Amino acid sequence: MSGSVLVAVAAAVGNLLQGWDNATIAGAVLYIKKEFNLESSPTVEGLIVATSLIGATVITTCSGAISDWLGRRLLLILSSVLYFISGIVMLWSPNVYILLLGRLLDGFGIGLAVTLVPVYISETAPPEIRGSLNTLPQFTGSAGMFFSYCMVFGMSLMETPSWRLMLGVLFIPSLIYLVLTIFFLPESPRWLVSKGRMLEAKRVLQRLRGREDVSGELALLVEGLGVGGETSFEEYIIGPADDLADQDLSIDKDEIKLYGPEQGLSWVARPVTGQSSIGLVSRNGSIINQSGLVDPLVTLFGSVHEKLPDTGSMRSTLFPHFGSMFSVGGNQPRNEEWDEESLAREGEDYQSDAGGGDSDDNLRSPLMSRQTTSMEKDMIAPAHGSLSSMRQGSLAGDPVGSMGIGGGWQLAWKWSEKEGPDGKKKEGFKRVYLHQEGVSEPQRGSIVSIPGGYAPTDGGYVQAAALVSQPALYSKELMHQHPVGPAMVHPTETATKGPVWHDLFEPGVKHALLVGVGIQILQQFSGINGVLYYTPQILEKAGVGVLLSNLGIGSSSASLLISALTTLLMLPSIAVAMRLMDISGRRTLLLFTIPALISSLIILVIGSLVHMGSVANASISTISVVVYFCFFVMGFGPIPNILCAEIFPTRVRGLCIAICALTFWIGDIIVTYTLPVLLNSIGLAGVFGMYAVVCSISWVFVFLKVPETKGMPLEVITEFFSVGAKQVIAAKNS
């Protein structure tokens, strides 16, 4: 996974530049006022600081749709170019107007980076470490602030500090970021798949994952192109084909054959009549919570994590990675050669927007990779059949490929043949997401560990919950023309539609937008801006300013050093959050850190109202501020952006993330410009009391509405939102 980690670190440099800019303007504005005589023009002074905020808000309104059109990488390159140009302009700026232009360009770069870096990291990171990697932007942003404060503090000690140099030095790190985005960052594989550029997506995934066989994940990305769709919960029993037949189970003709890389091992998954335990939890939750308490979707996600075995999430816990094995049984036409060379000859009718050089970008390629033929050679006399006999349809049931997609999930397809009400046989493909539910104690001893996961032997079996739905690119019209796999339509045909606005009204997307927009609003009104604004005053009362003045450090330099020390305190806490993000989870971190924010704010209110002596008040306030900062950057700081980058379908992810980011910037503007007014009207105690109330509301919102997404593939998360939202609607209607 080192490839994914390095790419995430490189992308997070964009947030380092944002933090760098936030800190430099805070120091530089002290000297800008003197040169341009702005002491009597607070409006112009405020505009210099706020122009980048305005630029970020403006660019965010269109960044999502453009990133869905042109790609994530291109806009990250544009962000680095804007950072670089703004640094040069601010270094030159002979007057206020040129300075404002530089600040506006800087805001454009900030808006693109803040909006797209979390999306890019989410789309390139493996599910098992996605949360940790998406905490990197918070870490690099705080690190950028610390380094910038140190630089500005050093410059402030000079006889004639230069604000142009403070602001203009931004072009140096932005040049490094430009080089990284052009020569090191690949395009998002999910975006490439959405445009039908399958071979490029495959190469990027191979680089990111450090392995040749990425067919399972590539097939998953294809399935992620759908929005909504009919999905049902089922329960499967997975075990050896012969032994499973002896179980007293009610089965039907739909079954999934699983072949392992070990000699003599093959398994079959058969649906159990009735509702899966996950489905039951969701259905019961919908009934119980009709009063509007805990969202059934939260219960649904929680049931998955409760069922996950404690054997680590870095490898599959259901069954090994079986490779890309798919064929259609019975008398259906079959394609026996699945290597890319044959696909180059067969797929000429499929044209992708990658150009003529990728004319073999047939969607069948990732699903029917070379591994099929190589695995057939490696498998020696399997106990329950062979791949060749499977192709001849001699085994009971219909075979299907099954692939590990991370986080204990497996992706499979099955060929479904059922009789309709009119007596006619209906045929079609079904996509299946499988997840281990657990094993009853008597059978637990028969599950033995093999490389890659757990496999049932000696009569043991594994229960698996299944999300079953139509494949994203399934087409009835092409059913009899190209019956070669579940992906019947090339993704370019889906991509030509673009991000349509009516997809935003699909129940799952609407539900996800409620969560994303809600948590962004609550984060902005939770008090971080107010505490940052008041921190220098608190530390000044604590005697830090007096101590620094005794060392010969002026008031301006002292405030910068205090801010640098405050920022430094955040870094260890963010490092802890990176460690816990994929272990404890996003929801758990929020539920445990928000009470610490509430307590800190309440203590700040008490410290403002009750006089216990200057030293005691200053000490209590200082401790409260430090605790607030540390717990904020562990939870409410990074998690809203992480969640927003995870919960939307690929097809509308850019559009939805832009809506959430726009909410973030508008909230930032409102809080920043209402803070002085609120301080004058209700005082410091009233402001902190209001923030404490908002944090309390935030905890309730997280508890009731925010699901746990750790370790789950993005496509499975969006599928759960779709299913859960529709079950909520059905429960309300009933």
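Cβ atoms are placed via backbone N, Cα and C, with glycine included.
Predicted automatically and left uncurated, TrEMBL annotations should be read as such.
What TrEMBL says about this one:
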- 7-710: domain 'Major facilitator superfamily (MFS) profile' (DOMAIN)
- 328-366: region 'Disordered' (REGION)
- 43-62: transmembrane segment (TRANSMEM)
- 74-92: transmembrane segment (TRANSMEM)
- 98-121: transmembrane segment (TRANSMEM)
- 133-157: transmembrane segment (TRANSMEM)
- 163-185: transmembrane segment (TRANSMEM)
- 553-577: transmembrane segment (TRANSMEM)
- 589-612: transmembrane segment (TRANSMEM)
- 618-643: transmembrane segment (TRANSMEM)
- 655-675: transmembrane segment (TRANSMEM)
- 681-704: transmembrane segment (TRANSMEM)
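The stretches the transmembrane segment (655-675) and the transmembrane segment (98-121) meet in space: the count of Cβ pairs below 8 angstroms, excluding pairs fewer than 6 apart in sequence, reaches at least three. Contact count against the transmembrane segment (553-577) (Cβ pairs under 8 Å) is highest for 133-157, out of 74-92, 98-121, 133-157, 589-612, 618-643.
Per-stretch counts of Cβ pairs under 8 Å to the transmembrane segment (98-121) identify 74-92 as the leading one among 74-92, 133-157, 163-185, 618-643, 681-704.
Spatially, the transmembrane segment (74-92) is adjacent to the transmembrane segment (163-185); three or more Cβ-Cβ distances between them are under 8 Å for residues at least 6 apart in sequence. Residues belonging to the domain 'Major facilitator superfamily (MFS) profile' (7-710) score a mean pLDDT of 75 in the model.
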